[in-house]
Amino acid sequence: MKKIFDDIYVGSNIISKLNDYTEDFDKILIFSNETIADLYFEKFKSTLNEKDKVFYFAIKDGEEYKNIESILPVYDFMLENNFSRKSLIISLGGGVICDMGGYISATYMRGIEFIQVPTSLLAQVDASVGGKVAINHPKCKNMIGSFKNPYRVIIDVEFLKTLPKREFKSGMGELLKHSFLTKDKSYLEYIENNVEKIKNLDNEVLENIVEQSIRIKKHYVDIDPFEKGERAFLNLGHTYAHALESFFDYKAYTHGEAVSKGIIFDLELSLLRGQIDKEYLERARNIFKLFDIDTDLIYLPSDKFIPLMRKDKKNSFNKIITILLDSEGHLSKTEVKEDEIVKIIDKYKNNFLRASIDIGTNSCRLLIAEVEKDNENITFKKEIYKDLEIVKLGEDVNKNKFLKEEAIERTLKCLKKYRKIIDKYSIEEKNIICFATSATRDSTNKDYFIKKVFDETKIKINCISGDKEAYINFKGVISSFDRDFKDNILVFDIGGGSTEFTLGNMQGIEKKISLNIGSVRITEKFFLNNKLYNYSEENRIKAKDWVKENLKELEDFKKLNFSLIGVAGTTTTQVSVREKMEVYDSEKIHLSNLTSKEINDNLSLFIKNINKQEIKGLDPKRKDVIIGGTIILKEILDYFGKDFIIVSENDNLMGAILEGVENK
């Protein structure tokens, strides 16, 4: 362990050091979020000596909970347990927890001591040091706050071993910012020379870069503790970043991701004013690229984005203030004009938002993504927003051959909601792709439905063929793999009314077919009678035989070698149930393996509990069709003799983003 300042320690496996600083307090509150609590509360209970005076409080995880509503219950808890001015708060978590814990300590009984134990890289190099503590106002980030220095800061780089990759990269964005804030470029060169060791979480290198970042930040904090002058330079990249976070409701981009883009914005402005050259800008871009951090700005409407930049706390007299630098490392705080902002953002017209909507038999889904256009090729860069609603558009369509009015109304309500979200993000009409699948194409009144949706939402629906659906599914899945991936894959999508199969590889599609077997269709055919569900063994056997008979059309596929990849709700739900997910985690699901045995286990669980109790990981709105869908899934594996499949989150929504759905 290294003492880098009187109150700041950096090292590995140094949590026990806390015992040296807790003896003089009558009560201790370990304040964290639910994710960190699950990982580390037990370790703290075994590490801290005076266990009878230690209390624990965990809030929900996320920037959206960094508000007064989340803090009031903490005050209540502290009052109920007789916390006094001689009590201590230990903030255990990332930037949100460090900010909130500091704010609580600054305001409870007009101030008590607190210790920061930052668990994310972002918090270790930023939020835990400097004494700025704050919570968010609904209209602006960090608007309600104070200045209060922690009693101690204990930085243990071992925490970074359990940090998700995205969060580590977010911290690197803020850490790299510090390398631009010093004229001495040795720190920047050290980072460039140790990229692989940093990525591999080498303790010695991590300790060095965290220490150096803290020294740079502490320099500015010490000469300007209340941010009246040079400390503002620490806000390099933050004017753009805070506006970007606000535009997307603090959900699409982590703080470090936004700051990385914001640094490039400030450097673009520095270039525009002739303070740096293109080579300097490109070197900066490349440094971020070494850590797979995207720094391209997004082409957003200036009439919505510029007002958000005006709300930054550096501003006054209605001026937008940001930080510039020159090639020698001199920093300056300056006003940026609206025409300069427009000129910079216009350089990124090929980096924009695109939306795709899938109107299925059972559900409607929306994906909004950041994409890049190069000539006519679209590259997916980032998921911005994703949603699913069970609308049951295809209710009884297999029997009646038309879409019921109440089903249309349910779907229309969902599409009106999606229209509002799309409009909020100012997505151009040409970048809204909406397609309908099996239920719509099987109905006799599809033209009425399509016209009604357009009249009331201005969303243009393309009713696509099974072949087209298979094509965009494949394109969505294959985007997950590197270009040098050579294996054949067979992608299947169990929808509500049909299941699409597409065989191919990175070079293209070889075969595709759409079969009229789907989770809604099988349920209505074998398990639903007069609105009552009957999953008897006899009905299940009939359903399995029906699926097997339909799968015979895949005889040509059976002779080939391929990896089997499943997409869409029936398949992804199997993983969320296996993992007992209370909150759906698409990153954990994407490209995970799912075995035949696990599918069998899930099917038994569904049959046993479908009408009795909630099943963790199963959306209650999907339970009506999950047994039928799981039977189809299991029969597909059995037909091809596969012990497992790969589960992909990328499907026709992604394919539509990349390829569109118009016939070419």
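Using the three backbone atoms N, Cα and C, a Cβ is placed for every residue, glycine included.
Listed in Swiss-Prot for this protein:
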REGION    1-352  region '3-dehydroquinate synthase'
BINDING   61-66, 95-99, 119-120, LYS132, LYS141, 159-162  NAD(+) binding site
BINDING   GLU174, HIS238, HIS255  Zn(2+) binding site
REGION    353-664  region 'GPPA/PPX'
Check: same-chain CB within 8 A of Zn(2+) site center, minus GLU174, HIS238, HIS255: LEU122, ASP126, GLY173, LYS177, GLY237, ALA241, GLY256, ALA258, VAL259, GLY262
Where ASP61 (NAD(+) binding site) sits in the secondary structure, as DSSP reduces it to three classes: coil
Reduced DSSP assignment, HIS238 (Zn(2+) binding site): helix
Euclidean distance between Cα atoms of HIS255 (Zn(2+) binding site) and PHE159 (NAD(+) binding site), Å: 19
Candidates GLU174, HIS238, HIS255 (binding-site residues) - the one closest to GLY95 (NAD(+) binding site) by CA: HIS255
Lowest local Cβ density (other Cβ within 10 Å) among binding-site residues: SER120, THR162: THR162
Assigned conformation of HIS255 (Zn(2+) binding site) - DSSP reduced to three states: helix
Residue from GLU174, HIS238, HIS255 whose C-alpha is spatially nearest that of ASP61 (NAD(+) binding site), among the binding-site residues: HIS255
Number of other Cβ atoms within 10 Å of the Cβ of HIS255 (Zn(2+) binding site) across all protein chains: 26
Among ASP61, GLU64, GLU174, which are binding-site residues, the residue with the most C-beta atoms within 10 angstroms of its C-beta: GLU174
DSSP state at SER120 (NAD(+) binding site), helix/strand/coil: coil
